[in-house]
Amino acid sequence: MSLPRFQRVNFGPYDNYIPVSELSKKSWNQQHFALLFPKPQRPGTKRRSKPSQIRDNTVSIIDEEQLRGDRRQPLWMYRSLMRISERPSVYLAARRQPLKPTRTVEVDSKAAEIGKKGEDKTTQKDTTDSESELKQGKKDSKKGKDIEKGKEEKLDAKKDSKKGKKDAEKGKDSATESEDEKGGAKKDNKKDKKDSNKGKDSATESEGEKGGTEKDSKKGKKDSKKGKDSAIELQAVKADEKKDEDGKKDANKGDESKDAKKDAKEIKKGKKDKKKPSSTDSDSKDDVKKESKKDATKDAKKVAKKDTEKESADSKKDAKKNAKKDAKKDAKKNAKKDEKKDAKKKGK
């Protein structure tokens, strides 16, 4: 056997050397050729299963990105490199010597403890202050409510006092009115006294006037006689005027009665005229009814005639059809009889 040869196969940027013998090379070439260019199946022969067909010949898919030279780095590598570049090296942090403890640190720690205690105290004070403020607020609210109640009571008391003052003022007004009435009554009494004094004076005057009145009464009697005569004349004139007015009224009444009679006659005539057209309307209605009855009878007669004509025509058509059918039947029967007779004659 010959020495194994090295076959160079290119897979992207890497070079892999695979040792392949000549026999294996020949067999591989034959199988590869048979797969690429299979022989046509001969008639009458069964196809043998080849080992290359039994095996799972999956072709490896080569990515184009892998074949290219510019392969991207994985994400984890990229991230780690970026972190290293940003962050200082761990060795520097490890080699750094720890600082010596100084007094300032102790002082700072004490100050911090004191500050914490002070903060705790301030927080406690704040809480107590807030609680006290809440309590004070509640108390103030209660006080405010009490103050409001007191104000309302004061307002009610003021209202009551105002009402009392108003009532007192009304009482005073009524008292003043009564006093005014008393004063008015006194004034009336004084006026009455003055009137009585005047009456006495008038009585004395009337006594003085009586002598003058007697003279006037004599003159008045004469005047009364003259007035009576004039009154009689006036009564006579009035009686004449009344007679004239009564005559005029009677004349007017007569004219009015005549006019009323004329109007009544005209109204009666109008009613008669109205009754006449109503009678004519009734006559016209009767005529219309008679005409409608006549038309109805005429229409009924026409319809009956049409029906009878149709029935007669149908009966005639049926009779003709039946006659034709009977004639045909008779002709057929006669033809059959003649045929039978002819057949009998021929048989003899």
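Cβ coordinates come from backbone N, Cα and C, glycine included.
As recorded in Swiss-Prot:
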- 25-347: region '31 X 3 AA repeats of K-K-X' (REGION)
- 103-159: compositional bias 'Basic and acidic residues' (COMPBIAS)
- 157-184: repeat '1' (REPEAT)
- 157-240: region '3 X approximate tandem repeats' (REGION)
- 166-217: compositional bias 'Basic and acidic residues' (COMPBIAS)
- 185-212: repeat '2' (REPEAT)
- 213-240: repeat '3' (REPEAT)
- 238-267: compositional bias 'Basic and acidic residues' (COMPBIAS)
- 276-342: compositional bias 'Basic and acidic residues' (COMPBIAS)
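Each residue in the compositional bias 'Basic and acidic residues' (276-342) gets a DSSP state, and the totals come to 67 helix, 0 strand, 0 coil. When pLDDT values are averaged over the repeat '2' (185-212), the model yields 61. Secondary structure by DSSP for the compositional bias 'Basic and acidic residues' (238-267): 30 helix, 0 strand, 0 coil.
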